[in-house]
Amino acid sequence: MADFAPLKQETHMFEPPASFVKNANISGMDNYRAMCAASERDYEGFWAQHARDHLFWHKPFTKVLNQNDAPFYRWFEDGQLNVSYNCLDRNLQNGNAAKTAIVFEADGGQTTRVSYKELHERVCQFANGLKSLGIRKGDRVVIYMPMSVEGIAAMQACARIGATHSVVFGGFSAKSLQERIIDAGAIAVITADEQVRGGKHLPLKSIVDEALALGGCEHIKHVVVYRRTGANIQLAEGRDKWLHDVLASQSTACEPEWVDAEHPLFILYTSGSTGKPKGVQHSSGGYLLWAALTMKWTFDIKPDDVFWCTADIGWITGHTYIAYGPLAVGATQIVFEGVPTYPNAGRFWDMIQKHKATIFYTAPTAIRSLIKAADADPDVHPKKYDLSSLRLLGSVGEPINPEAWMWYYKNVGNENCPVTDTFWQTESGGHMISPLPGATPMVPGSCTLPLPGIMTAVVDETGQDLPNGQGGILVVKRPWPSMIRTIWGDPERFRKSYFPDELGGKTYLAGDGAVRNEKTGYFTITGRIDDVLNVSGHRMGTMEIESALVANPIVAEAAVVGKPDETTGESICAFVVLKRARPTGDEAKQIAKELRDWVGKEIGPIAKPKEIRFGDNLPKTRSGKIMRRLLRVLAKGDDITQDVSTLENPAILAQLKQAQ
Ligand code: PRX
């Protein structure tokens, strides 16, 4: 378990600008506190009222929260709705038909605007196309798509017909894709001929072909291919079809499939403590409610805003704050195909200027790499661009260090924009702890306070509350509407991972350590307490990477740990024992490269270890357990000062200390 030492923390408070507070959807701390008090007074009533006010129900619910099968909670269970209807049709009825839903900017800079009316037509047509292939409510559809209007339309089309989608990030390998297709039992894959990022083409369709050829995917009946670049691809007779052919004769109207609030909207795979990714299953009603509410609360969304979340639809942030949240509240949003450094590291600032973005939401890793770039080349410094349209900044995915926060606040926000450091997870569905931009005084490096209705706490390993100032385990004491419902196909793992008996079986274990400030009660996240790494805001299990390494025939043993990294937050450091003699010099370099490429093939480029060290052995206890805490110290380059008396082979430490 990680140390709970609090991070070095800024204490200076930044008040939200008065003009922001005046017009905010939640204005001032008194309003925030009143909302929290309302949720504590009548928890179910609080959520029921919001669910009625913010969503369209085809059949209104009469039950709010069913706790009979805790921790398998059910929200609004006798209500029926359709997520796509809420995101699209509602906007046609309330005067947003001609409003721009999506400003899409391609990698090369071409811009397309899609109105709510057009998006509705495209989604309906897509939904009819899926139906024409025999895809029905409850079927699983894997989406392996680039950032595109079609990618979002694919998700919305699944929602429209009640199919459960599972989006797989385009950076995952054929093997990872195959594992997810099998686990989800998908009957179709929607993909593109190629993905284009930073001028480079990635052959998505041929990766799908490779995944299916690995075997076990016989349940896949259809592969639907969006033509992005026109690259030459193979279409398997009977199985594969171009998207434009599937859509050609389809009507642009499609009655939504009304589903129960608990109907699984999607499964999204994420990393946990074991080698096998978890299929996080989300609901329809509760999930959408929190996506919409947090757009209004954390992002203070207003009709004239131009919202830009830079995440990929392959991650939870791209689900909640691109594919669903912004549409559910009728917002205009920017969707970007490319990367922040192409054609140069001013791309984000250029796009904010060009599209007059008002709300910008990105990851600390991106900010840190753009700080470096701006230091090296003044032409890509944000101050060179007109960013005066911005009124709110957000950060997501990993802790933001106070230095990066300050740079973001000063140079991007011109000291006029609140910065919301949003803490949440794939499992939480939406924001959990975050400043409210028109209320909460901000402290760089702290995600501040839980949103109204979210009952977070810091406890010890037996579930006892800890006083402020004392580091412990972050938990959520009550179920919330957008929470994970189960792990697809593995309810027992769900129960054990998130609602362990040691905490009483009904308290949600977030998997992070946290500490609350003694004076303010503000939360600071101190990092994962399990074997999960956060590299560039991407979540990676150390066991997954270890399993990939030991699957290589030359590897005998491997242990993977995180190492602090200035840009990516953490980087992956692998300690490897080969079945042959320990390599040194050029041979070690060559084998390290082969192993990195191997991991890239097994999982995806995002999982490639930055550093590989070879040893004759790994530090182990007498019972054979690898002492990872020592490896973490070695990876950092620090001297070992801890007790090593339980170590079987202390001599190995000196060998592993050297970076090769
Ligand atoms: O460790 C926390 C970190 O990211 C984990 C969740 O990762 P994932 O499910 O991939 O979702 C990322 C996008 C929401 C958390 O358990 N994390 C996320 N946001 C923050 C954070 N750590 C510190 N501060 C944050 N704002």
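The backbone N, Cα and C atoms fix where each Cβ goes, glycine too.
According to TrEMBL, the CoA binding site annotation covers R197, G198, G199, K200, T317, S536. The Cβ neighbour count for K200 (CoA binding site), using a 10 Å radius over every protein chain in view, is 11. In the three-state DSSP scheme, K200 (CoA binding site) is classed as strand.
In the three-state DSSP assignment, the secondary structure recorded for P399 (ATP binding site) is coil. Taking all protein chains in view, 22 other C-beta atoms sit within 10 angstroms of the C-beta of P399 (ATP binding site). Here TrEMBL flags G397, E398, P399, D421, T422, F423, W424, Q425, T426, D512, R528, R539 as ATP binding site.
Counting only same-chain residues six or more apart in sequence, the Cβ atoms lying under 8 angstroms from the Cβ of V555 (Mg(2+) binding site) belong to L549, V576, V577, L578, K579, L595. According to DSSP, V555 (Mg(2+) binding site) is assigned to a strand segment. Residues annotated as Mg(2+) binding site in TrEMBL: V550, V555.
Under DSSP, residues within the domain 'Acetyl-coenzyme A synthetase N-terminal' (32-87) fall into helix, strand and coil as 27 helix, 7 strand, 22 coil. Annotation source TrEMBL lists domain 'Acetyl-coenzyme A synthetase N-terminal' at 32-87.
Among the features that TrEMBL reports, domain 'AMP-dependent synthetase/ligase' is placed at 95-480.
TrEMBL lists 544-625 with the feature domain 'AMP-binding enzyme C-terminal'. Assigned with DSSP, the residues of the domain 'AMP-binding enzyme C-terminal' (544-625) fall into helix, strand and coil as follows: 28 helix, 27 strand, 27 coil.
Residues or ranges marked as N6-acetyllysine by TrEMBL: K625. Sequence-distant contacts of K625 (N6-acetyllysine), defined by Cβ-Cβ distance under 8 angstroms and a gap of at least six in the same chain, do not exist.
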Give me the Cα-Cα distance between R528 (ATP binding site) and R197 (CoA binding site), rounded to a whole Å.
30
Compare the Cα of S536 (CoA binding site) against each of the binding-site residues G397, P399, T426, V550 and report the nearest.
G397
C-alpha of G198 (CoA binding site) to C-alpha of V550 (Mg(2+) binding site): distance in Å?
32
Binding-site residues near ligand 1 among R197, G199, W424, R528 (Cβ under 6 Å)
W424, R528
Return one of helix, strand or coil for T422 (ATP binding site), based on DSSP.
strand
V550 (Mg(2+) binding site), Cβ-centred 10 Å count of other Cβ atoms over all protein chains shown, is 15
Which chain-mates of G199 (CoA binding site) that are at least 6 residues away have a CB under 8 A from its CB, listed by sequence?
D107, G108, Y342, P343
Could you say which of the binding-site residues T317, T426 has its Cβ with the most other Cβ atoms inside 10 Å?
T317
Alpha-carbon spacing, T422 (ATP binding site) to V550 (Mg(2+) binding site), which is rounded to whole Å:
36
